[in-house]
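Listed in TrEMBL for this protein:
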TRANSMEM  6-31  transmembrane segment
TRANSMEM  43-62  transmembrane segment
TRANSMEM  82-104  transmembrane segment
TRANSMEM  125-146  transmembrane segment
TRANSMEM  178-196  transmembrane segment
TRANSMEM  216-234  transmembrane segment
């Protein structure tokens, strides 16, 4: 039992650390070293990368603390599990909201291209922050207002069930499926439209490819595991072996690696095009 739970936590920590370092490298390469070119139309992608950094960091800290508690109760700190879980839930909210905004943006860009391209640069950053803030405030209202949670957690608590009351647990059991279903529904419509475009030999941009990748990872590593885990796991297993967390982090690793390769490839292509352009210019001058 100890080995299984410890292995579960170690997997979550390892996956979170990999995601953290890959996405930190991406942000560093985009905004500091300029190894990856900055594109204004990919602003939501950059926000998503930053959210992945925050989420993976909070999850790794949370799982490390739970692993220490598993080894000895001497590491227990009153109510620390509440604050660590809250931090990871908040970053998960930010992450999910940005994913939904990214999918909606691609939907508008594909189905209403003229309106999108005429108004994309006029959209203020506030319209990105506002949905995230509203989602966060709604969650806090459910937590403390509607469900009436209090910050009084057992000293040796190391899971979601003993940290929050039953009302808030039921809220989160429906929260993720609803948000993920919205993203997948829009993504299916987007995929159908892009499939028609592909048959007509039209090309679609890198941002749309990334949005579809995000939806595919979400389906394979979030929605399907949550569905099977909810229907085929015992209550004890759900408390002690939160495998959807491991699955979600594994999906984030795969997505981060693919995203890194896509962005790096895009930069290399741009550099080659620039070199070809410079060569052609020099030849024409001669």
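Think of each number as a place in line: the chain as shown, counted from 1.
Note: Cβ is positioned from N, Cα and C throughout, glycine not excepted.
Automated prediction, rather than curation, is the source of TrEMBL annotations.
Here the structure is a predicted model, which means the values were calculated and not measured.
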Contact check, the transmembrane segment (82-104) vs the transmembrane segment (178-196), 3+ Cβ pairs under 8 Å, seq sep 6+: yes
Which of 6-31, 125-146, 178-196 contacts the transmembrane segment (43-62) most, counting Cβ pairs under 8 Å: 6-31
Other parts of the chain folded back onto the transmembrane segment (178-196), taken as Cβ under 8 Å at six or more residues beyond its ends: 96, 99-100, 103-104, 106-107, 110-111, 204, 208, 211-212, 215, 218-219, 222-223, 226
Positions whose Cβ lies under 8 angstroms from the transmembrane segment (6-31), at least six residues beyond its ends: 37-38, 46, 49-50, 52-53, 56-57, 59-60, 63-64, 66-67, 70, 241-243, 245-246, 249-250, 252-253, 256-257, 259-260, 263
